[in-house]
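Undergrad: Pasting the feature list from TrEMBL:
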type: TRANSMEM; residues: 18-37; note: transmembrane segment
type: TRANSMEM; residues: 116-136; note: transmembrane segment
type: TRANSMEM; residues: 157-188; note: transmembrane segment
type: TRANSMEM; residues: 208-236; note: transmembrane segment
type: TRANSMEM; residues: 243-264; note: transmembrane segment
type: TRANSMEM; residues: 293-312; note: transmembrane segment
Amino acid sequence: MIELVYNEWIKLVRKKRFYVVGLIIILFVGMFAYAQLVQERNAEERFGDIAWDEQLEQEIGNLESRLDQMEIPEEFARSIQAQVEQQRIYLEEGINPNETGAAMFLRMFLDNSGDLFIPLLIVVVTADLVSSERSAGTIKMLLTRPVERWRILLSKWLTMVMSVSLIVLFISLVSVLIAGVMFGFGGWTHPIIAAFSRGPGELTVLPHWQYIVMAGGLTWFAAVAVGSLTFLLSVLLKSTAAVMGFMLAALISGTILSVFIGSWESAKYLFMVNLRLTGYLGGHTPPVEGMTLLFSTMVLFVWGAVATAIAFRRFNRMDML
């Protein structure tokens, strides 16, 4: 099995798209960091005469006024309350939240890229793991070897998981390096609110490094689910372009649906609506009322497990010779 996985990994890293994805990550993270730098400079010019702690007090007052004066849904109210608690912690600890460090930048990047950007990269890398070999006919050579079909497919699935892990780690490393150069490498021990289940009194204070580890793990989990679905389509379809087209359409439609499906309760069972797992850590309002971190992880697990099972069943019975 180790030899099979090694051979599949070598085939993957020899593809140009693997390095194109790496270049895209570097460029995109660099653009995100530059945008954050511009935002900080604009804030300094706008509020240069106001101390950062005074700004925080004003923001807290504005948020509390919204809670008192507006009739808002309970989920949204809890999200605002989490922001208030976070601002108060910054005041108590003497931390200027407007000073972006490597830790804060990585946290923000993971929060904003886990539902679309990272899944898109996973699709690009893994879409042709099986389909390209079927269309080129090289899969027949693999099947003539004295190795069970399920072992061959398992080696490809494990290669997919390895590629997901590498992409998430590479994004984290590039984010820390670029943000560290631009903003400094600090902030890892700064406290941050983690709203796990979004219930009253259930907010937890964590150091940034622990929050980032959890956010990275959730991002990885969602990416593996996307990779498993892409893997299934790669088994079912010979055309890599068709695989990518289906997955890109699903991911983009999920981003659009998340904005408009508040009253469509059954939409919460769609995998693409549940990809932003890090939003639960930050206390963001879920797309559909009642969705929780446990619910979304279970939905993604079921989608990924069923897709993997169907892929193995289909591959074992498929006539390719």
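Backbone N, Cα and C atoms are what each Cβ position is placed from, and that goes for glycine too.
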Undergrad: Can you find at least 3 Cβ pairs under 8 Å between the transmembrane segment (18-37) and the transmembrane segment (208-236), where each pair is 6 or more residues apart in sequence?
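TA: Contact between the transmembrane segment (18-37) and the transmembrane segment (208-236): absent.
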Undergrad: Which range out of 116-136, 157-188, 208-236, 293-312 gives the transmembrane segment (243-264) the most CB pairs under 8 Å?
TA: 116-136
Undergrad: Compare 116-136, 157-188, 208-236 by their Cβ pairs under 8 Å to the transmembrane segment (293-312) and return the stretch that comes out on top.
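TA: The stretch I would name here is 208-236.
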Undergrad: For the transmembrane segment (157-188), what are the same-chain contacts with Cβ under 8 Å, counting residues 6+ beyond its ends?
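TA: Distant Cβ neighbours of the transmembrane segment (157-188) are 5, 8-9, 12, 18, 21-22, 25-26, 29-30, 33-34, 36-37, 99-106, 109-110, 113, 118, 121-122, 125-126, 129, 207-209, 212, 216, 219-220, 223-224, 227-228, 230-231, 308, 311.
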Undergrad: Can you work out which residues elsewhere in the same chain, 6+ from the ends of the transmembrane segment (208-236), have a Cβ less than 8 Å from its Cβ atoms?
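TA: Same-chain contacts beyond the ends: 103-104, 106-107, 110-111, 113-115, 118-119, 122-123, 126-131, 153, 156-157, 160-161, 163-165, 167-168, 172, 187-192, 194, 242-243, 246-247, 250-251, 271, 274-278, 281, 293, 297, 300-301, 303-305, 307-308, 310-311, 314-315, 318.
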